[in-house]
Amino acid sequence: MLKEGVLSGALAGLVGGLVFGAAMWQLDMLASVAALVRVDSAIIGFILHMMIAAIIGAGFGLLVWQQRCHAGETLLWGLSYGIVWWVLGPLALAPLLRGQPLGWEVAAAQAAFPALLGHIWYGAATGLALAAIRRQKGETATSVSDQGRRSVQAASPQPNSLWRGAIAGLLAAWLLSALLGSQAQLMDMVLMMTSDSHTLAVTITLFVGLLAGWLFAWLYPSPTDGSGVSIIRGLVYGFFWWVAGGQTLLPLLNGNGLSWTLPHLLEDFPTLPGYLLFGAMLSRLYQWLHQLTSLLFSDAGQNQREEGVGTRGLRALGCGTAAGLVGSLLFTVVMLQIGFLPTVASLIGSGSIWAGFILHMVFATLIGMSYGLLFNHQSYDLGSALGWGVSYGFFWWLLGPLTLMPLLLGQNLQWDAATIVSTFAALIGHLAYGAALAITFYWLEARDKPWWVSEHDAEVNRIAQRKAQIATSAPALWVLVVMIALIFPVLLGMAT
């Protein structure tokens, strides 16, 4: 099995290497690879690049061979693997091989930004290629249900799934275009626009939404994870579309070619939050449609040993409320340090710190309640709780200070690099809030179980669910969100 994983991973790595290599050829970066062996030749650089791609791909195959073989799951693992290798490769191993110091500085990371997008493409292509190879080999994927684990053949998209994906993609694109159109920012989102036609911009946005919806349905034909997980997955999916669509395909279609430079990132960065929100909306709408279809046409009944939906919901609301209060107290320390409470108070026409504190506690409690409902029974240890909490905190930083607060204050959306950098302290506060919220919620949830379930059975079930979760792309999601949350603000902060 391990040998198969290594060989299949190496083959998938070659596919990813071709994609990355094509970008490096257009960006004239292949000679820098040849410099690793003290040669100045693009051809030698390409050969060396493909050898490295195969070796790294073999490691990827070894890493994920025991994971689910669904294309969507493997794609997420590939994206996280690509970003990790951007840190290990251009910022660590490559400088050492050239006899230079480690590139663990902001300036070195900024210079290596084109390689970051290339590594993301490498990871995505390698992940999808490995999923296709495993499918051809007839590998069995692991699917998780409330009753435990069962083996099923990797799901294939059905016409109903494609229809749901199309509807979800169109709705998400329409909502985003309506939001950006009201703020006169739709033209910035559609980078390939060569005219000022609002109708054409909306049409292009809807077309991109349709394609993204179809691809999402192909990657995740039957989502079985919780609502909160779908939101985080959508964030990462939106990030992938920002790289694949906004930074690659649209510029190529417009005839501008690739421009993976830091100045170009600063210019186009306002589109990233839009893509992230689009992905979150698409994923959530798709799951809603899937759940609606299952509700209307499924005969499956509830396990009699399970609690009712109402009981679980009330318990989740209670735990979420308490956890939200704990998280809000930690967040308050950050808000006091950056003087943000008066800004919160301005939502109700006040400038009082105490008014801001009370309103902040109300918001934090409501977000805690939403976390309880969305991530109910999704954390099986402190690690998974921390992963979901930090991810949810990042989502609310994007939705709160960057989106809802300006709208509620009657201001225009400001998703530019300067605004992102100015809210970096708020980002840290949201991440800390999410961590405290999730850990507290896990602690409360782990101590509350139905009376008819013994301690032993509850522990056995928790361990089984934890192992099943590790077999999914959940750890990859956590890594990706943390990387997105920290890498881009840091790169921008030193460049503005």
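The first residue you see is number 1, and the count goes up from there.
From the backbone N, Cα and C atoms, a Cβ is placed for every residue, glycine too.
Annotations in TrEMBL come from automatic prediction, not curation.
Taken from TrEMBL, the feature transmembrane segment applies to 41-63 (among others).
The transmembrane segment annotation in TrEMBL covers 75-97 (among others).
Here TrEMBL flags 109-133 (among others) as transmembrane segment.
Within its own chain, the transmembrane segment (162-180) has Cβ neighbours under 8 Å at 186, 188-189, 201-202, 205-206, 208-218, 274, 277-279, 281-283, 285-286, 289-290, 293, 413, counting only residues six or more beyond its boundaries. Sequence annotations record features per position, and here TrEMBL assigns transmembrane segment to 162-180 (among others).
Look at TrEMBL and you will find 200-220 (among others) tagged as transmembrane segment.
Under the heading transmembrane segment, TrEMBL lists 232-253 (among others).
Residues or ranges marked as transmembrane segment in TrEMBL: 317-341 (among others).
TrEMBL lists 353-374 (among others) with the feature transmembrane segment.
Tertiary neighbourhood of the transmembrane segment (386-408): same-chain residues 228-229, 231-232, 235, 273, 276-277, 280, 343, 347, 363, 367, 371, 374-375, 378-379, 414-415, 419-420, 423, 426-427, 430-439, 441, 474-475, 477-478, 481-482, 484-485, selected by CB-CB distance under 8 Å and a gap of 6+ residues from either end. Among the features that TrEMBL reports, transmembrane segment is placed at 386-408 (among others).
If one looks beyond the transmembrane segment (420-444) by at least 6 residues along the same chain, the residues whose Cβ comes under 8 Å of a Cβ in the stretch are 269, 319-320, 322-324, 326-328, 330-331, 334-335, 337-338, 340, 364, 367-368, 371-372, 375, 379, 381-382, 384-386, 388-394, 396-397, 400-402, 485, 488-489, 492-493, 496. According to TrEMBL, the feature transmembrane segment maps to 420-444 (among others).
The feature transmembrane segment is assigned by TrEMBL to 476-495 (among others).
Counting Cβ pairs under 8 Å to the transmembrane segment (476-495), the top-ranked stretch among 41-63, 75-97, 232-253, 317-341, 353-374 is 75-97. Scored on C-beta pairs under 8 angstroms, the neighbour of the transmembrane segment (41-63) with the top count among 75-97, 232-253, 317-341, 353-374 is 75-97.
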